[in-house]
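Student: My questions all concern the structure below.
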Amino acid sequence: MLRLYLPHQKHSTLYAIKGYIQSAVAIKALKRWGQHFLNSPLGLTTITETVSAIQKVNGLQAITEIGPGLGALTDCLHPLTSTYYVMEQDQRFAPRLSSYDPPLNILWGDALRQEWAVCPKSVLVGNLPYNISIPIILRWLRYSERFPEAIFMVQKEVGKRIISKPSTKAYGRLAVMIQSMAHVRWILTLGPESFVPQPKVDSCVLHLKRNFSIPKDLDTLESVLKHCFSQRRKILKNALARISVKFPTGFLEEGLARVGASMHYRPEMLTVDQYIKFSEYIKDSEYVAMD
């Protein structure tokens, strides 16, 4: 059983930390939901300053937060906007989340099953549970027009995969999918002591900003990546052997040649731009789509 101290009255980074002394509530963090509550002044301040800068530069005034939990981050961000949406599935936090003025717009339920389209155009933020961080970010790709910029706390190793470059061990489907849609910036690294309860790994804060130019068809790109990286140690000729029969002889070879690659490349050798152009070559053809 954890003993956590919740802030009240004033909403600021100072009170999000020191206010814990004033209003104690016993809460058991639920392992099945991956709850690790952010309790770091540096983390809270950095995220708040980043969101504030986004608002000033891009005019995105509304904020949507995934998994506010005890409200430490909410306390810091709430003064920045009069339009604040949160997605939370743990009803134990209802009294806390209902105490804000102006009130929060609370969407109860699993963020992966929520209809994100009900939220206004806004900055999306979240200290994401490790077990659903990748699905959440991939879902953000589909809604990035509504949430042009996002600030996510994720496991450090996931962050490394997201920002990885071609011809590296970490480079794969996740990196290509996200970098095809967004510019990713690593903002901060936080150790286990920044959370309650403490996780066993480090975390990082990422800033994702939607690209001006995005793939024509995300589904085709996703399918291409699934097939290419299904056997990442093999060259593309072998990795794509199963689906090559759906196309005329030489079709895939021609597509790779057009983007400056070949069937003798390994999947991690192609750049994000090459994968985008290759998937668009397939999408624009009259042949059956990849699945």
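Glycine too: its Cβ is placed from the backbone N, Cα and C atoms.
The following feature annotations were taken from TrEMBL:
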type	residues	note
BINDING	His36, Leu38, Gly67, Glu88, Asp110, Asn127	S-adenosyl-L-methionine binding site
DOMAIN	46-212	domain 'Ribosomal RNA adenine methylase transferase N-terminal'
Student: Near Leu38 (S-adenosyl-L-methionine binding site), which residues of its chain come within a Cβ-Cβ distance under 8 Å, counting only those 6 or more away in sequence?
Tutor: Leu44, Ala72, Leu73, Asn127, Met153, Ser194, Phe195
Student: Report the largest Cα to Cα distance, in Å and rounded to a whole number, among the residues His36, Leu38, Gly67, Glu88, Asp110, Asn127 that the record lists as binding S-adenosyl-L-methionine.
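Tutor: Maximum Cα-Cα distance: 19 Å.
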Student: Using other CB atoms within 10 angstroms as the count, which residue among the binding-site residues His36, Gly67, Glu88, Asn127 scores least?
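Tutor: Candidates: the binding-site residues His36, Gly67, Glu88, Asn127. Fewest Cβ atoms within 10 Å: His36.
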Student: Near Asp110 (S-adenosyl-L-methionine binding site), how many other Cβ atoms are within 10 Å of its Cβ?
Tutor: 11
Student: Tell me the coarse DSSP state (helix, strand, coil) of Leu38 (S-adenosyl-L-methionine binding site).
Tutor: strand
